[in-house]
Amino acid sequence: MPTNFTVVPVEDGGAGKSSLELVFREEDITPRRPYSGDNTPRESSPFINNTDHDRGNYYDGKNMALFEEEIESNPMVSSLLNKLANYTNLTQGVTEHEEYENEDGNSSKGPCEDMGTFIGVYLPCMQNILGVILFLRLTWIVGTAGIMESFAIVVMCCTCTMLTAISMSAIATNGVVPAGGSYYMISRSLGPEFGGAVGLCFYLGTTFAGSMYILGTIEILLTYIVPNTAVFVAEKKEDETEAMLNNMRVYGTCCLALMALVVFVGVKYVNKLALVFLACVVLSIMAIYAGVIKTIIEPPNYPICLLGNRSLQNHNFEKCMKTEVIKNVTYTTELWKLFCGSPHLNATCDEYFTLNNLTEIQGIPGLLSGVIKDNMWGEYGPSGMLVEKKNQSSVPVQDNSRDIYKPYIFNDISTFFTLLVGIYFPSVTGIMAGSNRSGDLRDAQRSIPIGTILAIATTSFIYMTCVVLFGACIEGVVLRDKFGDSVKKNLVIGTLAWPSPWVIVIGSFFSCCGAGLQSLTGAPRLLQAIARDGIVPFLQVFGHGKANGEPTWALLMTVGICEIGILIASLDAVAPILSMFFLMCYLFVNLACAVQTLLRTPNWRPRFKFYHWTLSFLGMSLCLSLMFISSWYYALVAMSIAGCIYKYIEYRGAEKEWGDGIRGLSLNAARYALIRLEEVPTHTKNWRPQLLVLLKLDSDLGVKHPRLLSFTTQLKAGKGLTIVSSVLEGTYMTLGAEAKSAEQNVKSAMHLERTKGFCHVVVSSNLRDGFSHLIQSAGLGGMKHNAVLMAWPGGWKQAEDSYPWKNFIETVRETTSAHQALLVAKNIDKFPCNQDRLGEGTIDVWWIVHDGGLLMLLPFLLRQHKVWRKCKMRIFTVAQMNDNSIQMKKDLQMFLYHLRLNAVVEVVEMHDSDIAAFTYEKTLVMEQRSQMLKQMQLSKTEREREAQLITKLGTKSHANLSDTATATSDHHVHMTWTKDKLIAERNRKRGEPNFNLLFFLFCRNQSNVRRMHTAVKLNEVVVNKSQGAQLVLLNMPGPPKNKGGDENYMEFLEVLMDGLDRVLLVRGGGREVITIYS
C-alpha cells in the first residue's frame, strides 16, 4: 500500500538564529557517522554520496528543542530527505575517466549517464550473448547432435540463464548496485569469502572468454579470409592439425598484444566501436534469416561431392568425376590424381575409389527439401571418424589405413553429447552486461530486469530457430563439416546467408574482435574491484593503475592469463573452461537469491516481484548439473579453485561485514542447532570438554598467562566450545571502555595462540561475583560450558590479602555445585607453546579416585595435537594394603583396552605407615602460628627461634628424607613418631610452653595431620615416579565443607604438587565422560 507523508512547517521562535543555533555552536553539530568495517561510507550508509561538507547547515532554522539532545546522533528528517534528493550514483569504472573529459580537462556531464533499458541493457546483453559460437560452431553442433538433442542443449542452457536472470533481477533491484555489477551483487549477498571466490572465478571466466574470442577471430582470419598467410604450412597431411594450432598461437598472441594496446591507450575507442560491432552481429543474423527465406524460392548452389557415402574436400578439384570425355577422348580428372597418384588411366587407384561411384548433391537443399528428417538425430564418433552421409549406398573395403592421406573429411575431435554442452554454453553467457552498467542507467532497478530478460528471450528464440532452420536447410554432411572443406572452404553458416557469405564472414570477424576487446576491458576492472575491496591480500597490487584510474597492473595480469588460453590454441578446448567459471558464477547468483528469500531478512525488499526461491534452487541445480555434464574434471578443478580461494580469504583475508546472507544463514542454523541441543542432554559418547577459561589480566589489561590459551588450543584442537573470560572490578558505567579494550587484548592473544572460541570480559563489583556469574551464565542454550580451566594462584602465600586463594576455593566450590569439571594448571607459564614439539616424554595420569573418566580422556585429547603427539601415556593407580595389585593391573589394562586407549599401566602400593615428623611440621605451618605464639606469651627471641625452625623444616624437601627414619639435623629425630616421642623431643628443644602448643595441635587437628600425611606420602610417590614427565595429571581433592579450613586446603594442594614442574589438577563434574560402548 502507498505510504503518505505529511510535512508540517514549524515557525522559528524569533527573528535571527533559531533556538537550536543558540544551543549548538556550528562546530559542535557533528552527526554521528555509521560505523563501517572497511571504512567505506558507501556500504555503511544509506546513501553512497555521504559527504560531510554541508553538515554545519543541517539544523539551521529548526525549532525542535524537544529533540535537541538527540540531534547529534539522529539527523532531522528534512536533512535526510535533502540528502536523498541530492543523491547521485557512481558511474561505471570504464567511463569514470573517459566520458567527462574535454580539451581543457574540465568535466561535463556525460550523455550516457541516463541510458534507458534498450540502449543500456538490452543491446549490450545481445552483443555479449550472440557471438563466436553461433557463427563458428552452432551448425557443427546441430549436425553432430541432431536437431532434437541440439534443441535440448539450447533449451537447457537458455533455461539456466533465464532462471539466473530472474535471481539476478531480484538482487539487482534490492537496493542500489554501484559499479561492480555481478561481483558486487554476489559478494554483498553471500559475504566476502563467497564473493571473492566467485568474483575471481567470474574474472577467470571473462579472461578465458577473451581467449576464446581471439581464437575465433584468428580461425575466421586464417581459414576463411586469408588462408595463404599461415606461418606454419604442413608438408604432410597428418601434420595439418598441428600446423593450424601453431598458426593460431602465433597470430593469437599478436592479436592479443594489439588488443591489449588498444585497451591500454584508451577505453573510449572500444566504447565508440561497440555500436559498430553490435551492428555487425545484427546484420549477420538478418542475413541468415534472409538466406533461409531465399532457400524456399531459390536454394543457393553449393554442390558437394560424395565418394560412395563419404564426403570429400572439394577445394582441390573442380569436377566431381573420375574421368571426363572431351572430343571422344577420356581424360582423368584432378580427383583421379588425388586417389591414384597418377593422371594415367592404368594407374593403381585406391580400392574404395575404384569400387564406389562419385555423387554430387546440393549442400543447401533448402527449407522445403525434407532434409530435416535426416538431420533429426545425432551422429557421434571418435576422432578421425569419416564424415559420411546416411542412407547413401557404398561398397566397404577391408583396408582403411590409407584413408588419412586421402581428401576425406574427418572428425577432428571425439564427439559426444556432454562435450557439445560445454562448447555451446559460452554462447549464452553475457547476461551480466546490463548489471555491469548499473551505474550508467537512468533507472537501474527497472531497466536491468526488463532488459536482461528480454535479451535472453530474444537470443533464446534466435538460437532455437537457428537450430531448427539449420537442420531443415543444410545437408547433414555439410553440417558436420566444421571448417567448410566440402563447400570450398566457405564458412558453413555463410553458405546459407544472403546476399553473400562474406556478410557472415566479415560480420563474425568484427563481432569476435569486439567481444575480445570487451573482455579485455571488463576483466581488468573486475580484478581491480576485487583488489580494492581488500578481501584478498595478495591481489592488492592490482588495485592500482594509471592516474586516470586505468587498471594497468590488472590489465597485464589479464593479458598473461589470456595468453594461456591462446597457447591452448583450440576453441573447442577453451570453451568448456570458461563454461565452468561462468556456471559457477551463475550458481552462486541463484544461491544468493534463494538464501535471501528463505531467510526473509528485513533488508530483502526487491522491487522485482516475479521471483521465488524454488526458481532459484532450480537454476542453481541446473547450473551444477551443467557443470558436471560439460566436463566433470573441469568442474572439480573449478570448484577446487573456488574452494581454495574461499579458505584463503577465510584464513588470511581482511575481515568484512557486508550484512550478507551467509551470516543470516549462520544465525538461523545456529538458532536451530541451539534449540535442538537443549531438547536432550549430551550423551556420554558425544561429551567433550566445553571450556570456560578464566583469565587473569595485568595492570595494562593484557593477558597475564598467555600459555593458558596455548594449553586450551592444544586441548581443544579447534573443536567444541571455548569461552575465554575475565573480570574487571568496578562498575560498567566507569569501566565500559576498559572492558572493551581488555576484550580486544584477549581476542588478540587468542589469535596469536590460535585459540578458536568466544571472548567475554565482564565488569563486576568484585571478582568473586564476576566469576560466579560467568560460571552460572556463560554460554547459550545447549552450548554451555561443562568444564572450567584456570591457573593455580601461585603467589597466594605472599599475597597481602587472602582474596586470591579465597576466590580460588569459592570457584572450586561453585564448579562442584554446578556439576562442572575443573582443570587447574600449576606453573602454567612453563607449559609448551603451540610451536613447541615435545619429542619424547610421558603424560602421567595418577588415577586415585574415579572422576567419571575425565583423567583418562584428557591425555587422549592432548595427544591429538602435534605438541603432545609423540608423548606416551602412563596411568598410575594406588593400591592399599588389602588390595590385590596384580589383579588391579590386569583389570585396568582390560579396561583401557575396551576404552581403545594405549597406555602403560602401573600400580603403586602405598602401605599404612606412621606419621612422619615432616608431616607434623607441615601441619604446624598451616596453623595460625602468629596468634597461637602470641597467646603462649613467648619472648621475641623465642618467637624468632620458632619461626626459623618452622621455616627450615617447612622448606626442606621431604623427597630427600631417608626411608630408614634417620635424622636430618644435628640432633637425632626419629621419622616414625608417637605421642611420647613428640613430647620428649619438643621438651628437649623448646621447653614446657612448646609442649603444650604441640600437644594441643596434635589432639585438636588430628584430621589435618592425617590429610597432610596423605598429601606428603602421595607427593613422595608421584615425584619418585613422574618427576621427569612432561605433564602430570592428578585427582583434585574437594574443598572442606567448613570454610574455616580453606587455608589448610590450599596447603594440602601445595604439598601434593610440590617438586613437579607441570601439573594439571582435575576434578570431575559428577558424570561419566568416557564409555567402552560404540
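Count begins at 1; order follows the chain as displayed.
Yeah, the Cβs are placed from backbone N, Cα and C, and that goes for glycine too.
Automated prediction, rather than curation, is the source of TrEMBL annotations.
Worth saying up front: this structure is predicted, and the values here are computed from it rather than measured.
Annotated in TrEMBL:
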type	residues	note
REGION	25-53	region 'Disordered'
COMPBIAS	37-50	compositional bias 'Polar residues'
TRANSMEM	119-139	transmembrane segment
DOMAIN	121-301	domain 'Amino acid permease/ SLC12A'
TRANSMEM	151-177	transmembrane segment
TRANSMEM	197-227	transmembrane segment
TRANSMEM	248-267	transmembrane segment
TRANSMEM	273-292	transmembrane segment
DOMAIN	408-692	domain 'Amino acid permease/ SLC12A'
TRANSMEM	408-433	transmembrane segment
TRANSMEM	453-479	transmembrane segment
TRANSMEM	553-571	transmembrane segment
TRANSMEM	577-599	transmembrane segment
TRANSMEM	611-635	transmembrane segment
DOMAIN	823-1078	domain 'SLC12A transporter C-terminal'
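Counting Cβ pairs under 8 Å to the transmembrane segment (248-267), the stretch among 151-177, 197-227, 273-292, 577-599, 611-635 with the most such contacts is 197-227. Across 408-433, 453-479, 553-571, 577-599, stretch 577-599 shows the highest tally of CB pairs under 8 A with the transmembrane segment (611-635). Distant neighbours of the transmembrane segment (553-571): 132, 136-137, 204, 207-208, 210-212, 214-216, 219, 245-246, 248-249, 252-253, 256-257, 260, 263-264, 520, 523-525, 527-528, 531, 541-545, 577; these residues of the same chain sit at least 6 beyond its ends, with a Cβ under 8 Å from one of its Cβ atoms.
Confidence annotation: the domain 'Amino acid permease/ SLC12A' (408-692) carries a mean pLDDT of 87 in the model.
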